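Comments concern the structure below.
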């Protein structure tokens with residue numbers, strides 16, 4: 001009987017061990033494969049190394065596959081450390097809502113051969129309710145390849161990889177993170193709706209080529225707030241087909257300012273309307289607030305309902321600039337008048353200093369003049385001593401109130 005009891009006790013302990021061990025193994029499986037509502041995926045538990053040298057692409061992609069395949073709220077954790085990754089494709093639709101928590105640094109590979117089909121670095125496609133947040137960096141490591149950029153010499157140049165590209169993403173948020181030294185654009189949104197970009201930092205040297213901060217096209221309901229951008233091209237650029245954009249509390253500089261355009265380069269571009277830029281500061285930028293359309297425009301489109309208010313210029317060149325004969329690097333294919341119509345544009349309470357005598361330049365065309373331009377309390381003065389503050393206004397129609405007398409175009 002004692003032997004039997006001992007045998008039964010041993011059998012019971014063996015079964016208990018197997019159950020516990022099985023639960024542990026099952027728990028490990030849940031970490032790697034989403035099942036049930038909610039989940040968290042730490043890339044280091046999937047094989048990623050934070051030493052800045054080991055390729056962690058596979059681990060990050062595995063984390064995405066698991067999170068996107070799970071229901072409920074799913075989180076991908078990028079912990080502290082430096083994680084070298086190649087091209088990442090985060091494709092939806094997802095079963096649940098995915099948050100990418102960036103506490104560490106993602107480093108883009110500098111090996112351009114790893115970006116297939118002229119691809120981007122991090123490309124997110126057809127994902128709703130996506131959140132990218134944290135205090136970490138998305139480092140494009142652009143200095144290693146900027147010398148390969150030929151876009152200042154060729155009209156149809158081969159572009160380098162953009163850092164963060166979101167296509168067909170709705171109800172998304174990017175907050176807190178820093179986008180650093182992109183090879184080309186830092187952030188690009190295409191056909192996105194209802195996106196919030198807040199408390200983001202975007203930084204690259206002022207002479208880095210085509211490193212636009214945030215670009216958008218064919219998108220609507222975009223809000224950018226409390227964001228600091230200093231880059232080598234436009235801090236923010238609003239492309240064709242975009243509407244209902246609110247930009248507030250943005251500090252820009254260095255860079256080429258906050259721009260609508262360029263417009264008209266390609267056929268079948270759509271209108272731009274309902275753009276509001278408010279409570280922003282531009283520091284030593286090449287342009288301030290700007291609308292630009294190609295002089296050899298291939299599209300007929302309209303820019304309307306544009307409102308700039310409470311904008312402070314700190315020694316920025318060309319603070320207010322509408323350019324309907326835009327031709328970067330003099331590489332346009334033909335001369336001609338832009339087919340882009342600009343109307344109903346308001347500049348209200350624009351103050352500060354300009355590093356160029358031309359504080360206001362409205363360069364519109366005789367064939368398609370700019371109309372409904374309102375200049376209300378525009379008081380920007382030239383900071384130099386070798387000339388006077390002035391405005392150049394060509395083929396523009398509108399009204400002026402409370403402006404520096406030298407800037408009263410109408």
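Here the Cβ of each residue, glycine as well, is placed from N, Cα and C on the backbone.
If you look up Swiss-Prot, you'll see 1-22 marked as signal peptide, on the strength of experimental evidence.
Residues or ranges marked as N-linked glycosylation site in Swiss-Prot (evidence: sequence analysis): 89 (among others). Following the DSSP three-state reduction, the secondary structure of residue 89 (N-linked glycosylation site) is strand.
Positions annotated as repeat 'PbH1 1' by Swiss-Prot: 192-218. The list of residues near the repeat 'PbH1 1' (192-218) in space but at least 6 beyond its ends in sequence, with Cβ under 8 angstroms from a Cβ of it, reads 142-143, 146, 149, 151-152, 159-160, 166-182, 184-186, 224-242, 245, 252, 254-255, 270.
Through the fold, the repeat 'PbH1 2' (219-240) approaches residues 186, 189-213, 246-264, 266, 269-272, 275, 282, 285, 299, 301 of its own chain, all at least 6 residues removed from its boundaries and within a Cβ separation under 8 Å. Annotation source Swiss-Prot lists repeat 'PbH1 2' at 219-240.
Its Cβ taken as reference, residue 233 (active site, proton donor) is surrounded by 25 other Cβ atoms within 10 Å in the chains shown. Look at Swiss-Prot and you will find 233 tagged as active site, proton donor, backed by similarity to another entry.
Residues near residue 252 (disulfide bond) in space but far in sequence (CB under 8 A, at least 6 apart, same chain), listed by position: 213, 229, 230, 235, 236, 258, 280, 281, 282, 283, 285. In this structure, residue 252 (disulfide bond) is part of a beta strand by DSSP. The disulfide bond annotation in Swiss-Prot covers 235-252 (among others).
Residues or ranges marked as N-linked glycosylation site by Swiss-Prot: 246 (among others). Neighbour density for residue 246 (N-linked glycosylation site): within 10 A of its CB lie 16 other CB atoms from the protein chains shown.
Residue 256 (active site) is surrounded by 25 other CB atoms, counting those within 10 A of its CB over all protein chains shown. For 256, the entry in Swiss-Prot reads active site, with the evidence type sequence analysis.
Feature annotation from Swiss-Prot assigns repeat 'PbH1 5' to 337-377. Confidence in the repeat 'PbH1 5' (337-377), given as mean pLDDT, stands at 96.
The annotation N-linked glycosylation site is assigned in Swiss-Prot to 349 (among others) on the grounds of sequence analysis. Around the Cβ of residue 349 (N-linked glycosylation site), a 10 Å sphere holds 16 further Cβ atoms from the protein chains shown.
The disulfide bond annotation in Swiss-Prot covers 364-370 (among others) and rests on similarity to another entry. In sequence order, 322, 324, 342, 370, 394, 395, 396 are the residues near residue 364 (disulfide bond), counting only same-chain partners six or more apart with C-beta under 8 A. Following the DSSP three-state reduction, the secondary structure of residue 364 (disulfide bond) is coil.
DSSP assigns residue 387 (N-linked glycosylation site) to coil, not to a helix or a strand. Sequence-distant neighbours of residue 387 (N-linked glycosylation site): residues of the same chain at least 6 apart with a C-beta under 8 Å from its C-beta are 357. Annotation source Swiss-Prot lists N-linked glycosylation site at 387 (among others), citing sequence analysis.
The disulfide bond feature in Swiss-Prot is assigned to 393-409 (among others). Secondary structure at residue 409 (disulfide bond), taken from DSSP and collapsed to helix, strand or coil, is coil.
Across the structure, residue 233 (active site, proton donor) and residue 256 (active site) place their CA atoms 5 angstrom apart.
In this structure, the CA atom of residue 246 (N-linked glycosylation site) is 19 Å away from the CA atom of residue 256 (active site). Comparing the disulfide-bonded residues 235, 393 by how many other C-beta atoms lie within 10 angstroms of each C-beta, the top residue is 235. Cα of residue 349 (N-linked glycosylation site) to Cα of residue 393 (disulfide bond): a distance of 19 Å.
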